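Undergrad: Pasting in a structure now, in structure tokens, and then I'll have a few things to ask.
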Ligand SMILES: Nc1ncnc2c1ncn2[C@@H]1O[C@H](COP(=O)(O)OP(=O)(O)O)[C@@H](O)[C@H]1O
Ligand SMILES: Nc1ccn([C@H]2C[C@H](O)[C@@H](COP(=O)(O)OP(=O)(O)O)O2)c(=O)n1
Ligand SMILES: [Mg+2]
């Protein structure tokens, strides 16, 4: 376990734990639902650090890491990388940021992700922002994304939709059963989606200030 970040693991001695648990919001939704786009807006208005699990995995892949080939193949194939890799990257990035408020985008994407993060950190999300968007709209957006991603093609996206339905939606349902899901209609234009997003973060700020 020593390879995980120190501050946010609960099994390390008390002195290295931060005084207070950080605020974590999980940002979930299908590929192309607009998670990254909206996270950039939230960062500007509400002082969070945005951590995209996909971006962290792509950076790890490009860094020449021993896991690079595995990450590359799994992403192209629409599969979810084992949480052992992803949780470590998230914890490192959390510690490096120096912040205590995080948007964790595209994670947890399956039950294994969810359980690993919870057992390693003991952190429960403040809430789960869920971008709900029809598949056909998501497909259109991904195919027009133009960021040079190896998985933005019709074969990969079809596989990703399958994995999303089979593995990621049950995680959202799990959090819904705990009353944590804040659902947004993500099919609307960016500005309108952000208006809806803002309300959830404003009410959280109000709660903290009260
Ligand atoms: N509400 C929206 N309406 C139309 N296009 C959008 C909207 N939100 C994001 N996009 C575009 O769709 C593509 C996917 O958005 P992105 O934020 O990368 O989604 P995700 O991170 O959920 O995959 C990008 O090209 C982005 O500019
Ligand atoms: N928790 C995660 C998040 C992403 N990944 C991998 C598998 C995903 O299909 C890719 C891309 O994820 P990313 O969040 O960047 O994708 P979108 O922005 O939703 O299109 O990364 C993962 O294995 N585990
Ligand atoms: Mg994204």
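Each residue, glycine too, has its Cβ placed from N, Cα and C.
Note that the structure is predicted; figures quoted are calculated from it, not measured.
Annotation comment: TrEMBL describes 32, 33, 34, 35, 36, 37, 145, 188 as ATP binding site. Taken from TrEMBL, the feature ribonucleoside 5'-phosphate binding site applies to 58, 79, 80, 81, 106, 107, 108, 109, 149, 160. Annotated CMP binding site per TrEMBL: 113, in sequence order.
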Undergrad: Taking each of 106, 113, 149 in turn, which of these binding-site residues have a Cα lying within 10 angstroms of the Cα of residue 36 (ATP binding site)?
TA: 106
Undergrad: Which of the three DSSP-derived classes (helix, strand, coil) applies to residue 34 (ATP binding site)?
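TA: In three-state terms, residue 34 (ATP binding site) counts as coil.
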Undergrad: Could you say which of the binding-site residues 35, 149 has its Cβ with the most other Cβ atoms inside 10 Å?
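TA: By the 10 Å Cβ neighbour count, 35 comes out on top.
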Undergrad: I need the CA-to-CA distance for residue 113 (CMP binding site) versus residue 80 (ribonucleoside 5'-phosphate binding site), whole Å please.
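TA: A Cα-Cα distance of 9 Å.
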Undergrad: Which site among 32, 34, 36, 106, 108 has the most other CB atoms no more than 10 Å from its CB, taking these as binding-site residues?
TA: 108
Undergrad: Using only the Cα atoms of 58, 79, 80, 81, 106, 107, 108, 109, 149, 160, which the record gives as binding ribonucleoside 5'-phosphate, return the largest interatomic distance in Å, rounded to a whole number.
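TA: The ribonucleoside 5'-phosphate-binding residues span at most 21 Å between Cα atoms.
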Undergrad: Find the one among the binding-site residues 32, 37, 145, 188 whose C-alpha lies closest to that of residue 80 (ribonucleoside 5'-phosphate binding site).
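TA: Answer for the nearest of the binding-site residues: 32.
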Undergrad: For the binding-site residues 34, 58, 149, which sit with their CB under 6 angstroms from an atom of ligand 1?
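TA: Among 34, 58, 149, near ligand 1: 34.
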Undergrad: When you rank 58, 106, 108, 149 by Cα distance to residue 33 (ATP binding site), which of the binding-site residues ends up on top as the closest?
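TA: Closest by Cα distance to residue 33 (ATP binding site) among the binding-site residues 58, 106, 108, 149: 106.
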Undergrad: Whole-number Å only: compute the distance from the Cα of residue 35 (ATP binding site) to the Cα of residue 106 (ribonucleoside 5'-phosphate binding site).
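TA: Residue 106 (ribonucleoside 5'-phosphate binding site) has its Cα 8 Å from the Cα of residue 35 (ATP binding site).
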Undergrad: Any idea what the Cα distance is from residue 145 (ATP binding site) over to residue 58 (ribonucleoside 5'-phosphate binding site), rounded to a whole Å?
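TA: Here the two Cα atoms are 16 Å apart.
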Undergrad: Max CA to CA distance in Å over the ATP-binding set 32, 33, 34, 35, 36, 37, 145, 188?
TA: 17
Undergrad: I'd like to know which of the binding-site residues listed (35, 36, 108, 113, 145) lie near ligand 3, counting only a CB under 6 Å away.
TA: 35, 36
